[in-house]
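S.K.: Dumping the structure here so I can ask a few things about it.
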Amino acid sequence: MMPKALDGQIVIEKTPRYFVTVETPARVHAMSQDVKLIVVVRDPVTRAISDYTQIISKTPDIPPFESLAFKNRTTGQIDSLWSPLWIGLYAQHLERWLAWFPRTQIHLVSGERLISDPAGELGKVQDFLGLQRIVTDKHFYFNKTKGFPCLKKPEGSSKPHCLGKTKGRTHASIDPEVIQRLRDFYKVHNQRFYHMAGQDFGWQ
């Protein structure tokens, strides 16, 4: 399905599902062994709450986050197969990709730094893709309402481009004790991910 590219062009596709779908690495490898892969990761606890916030916006009658996150709230047994939590097991997903691609073909973007320093993170992406660093600080401004950076006047448009209305909304309020239990749960998974990635993302 990928369009043909001329010399000097790069084709980019994005999707949130490839990184976590079991069959995908082999399929992508069958298409191209030389493809460059970019994965945006963020604190898995914040990511899970954001995911849940997105779910309740579409299905407001689902159970509370706290009851879905645990198999047993009393014993504190976490349901790591619940999609918002399972997606954050980054080491597990990266391991599948590393069975098919060398680490040098996978670039990991910090979701936190993409917000705090978008030009810096995109500079690294441009380097990874072998592109000239054209996108810089001057292309961004910070939208205080959304809490995200926006692109100033994309080519051919007089309006700045900000993330859509599903981004930057207020997260669901979650019991702090539940958040701490999730942080404890992810700690070992995050350390394993940092080791595999060769970089520390500094999540709590």
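One is the number of the first residue shown, and numbering goes on along the chain from there.
Any Cβ shown, glycine's included, is placed from N, Cα and C.
Here TrEMBL flags ARG42, SER50, LYS167, GLY168, ARG169, THR170, HIS171 as 3'-phosphoadenylyl sulfate binding site. Residues or ranges marked as disulfide bond in TrEMBL: CYS150-CYS162. The domain 'Sulfotransferase' annotation in TrEMBL covers 27-188.
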S.K.: Work out how many Å separate CYS150 (disulfide bond) and THR170 (3'-phosphoadenylyl sulfate binding site) at their Cα atoms, rounded off.
M.R.: 18
S.K.: Take the C-alpha atoms of SER50 (3'-phosphoadenylyl sulfate binding site) and CYS162 (disulfide bond) and report the distance between them in angstrom, rounded.
M.R.: 18
S.K.: Nearest to CYS162 (disulfide bond) by Cα, among ARG42, THR170, HIS171 (binding-site residues)?
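M.R.: Nearest in space to CYS162 (disulfide bond), counting only the binding-site residues, is THR170.
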S.K.: Near THR170 (3'-phosphoadenylyl sulfate binding site), which residues of its chain come within a Cβ-Cβ distance under 8 Å, counting only those 6 or more away in sequence?
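M.R.: Once residues fewer than 6 apart are set aside, THR170 (3'-phosphoadenylyl sulfate binding site) is near THR53.
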S.K.: Can you tell me how many other Cβ atoms are located within 10 Å of the Cβ belonging to CYS150 (disulfide bond)?
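M.R.: I get 16 for this one.
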S.K.: Return the count of C-beta atoms lying within 10 angstroms of the C-beta of SER50 (3'-phosphoadenylyl sulfate binding site), excluding that atom itself.
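M.R.: By my count, 19.
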S.K.: For the binding-site residues ARG42, HIS171, work out the Cβ neighbour count at 10 Å and name the residue with the minimum.
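M.R.: Comparing Cβ neighbours within 10 Å for the binding-site residues ARG42, HIS171, HIS171 has the fewest.
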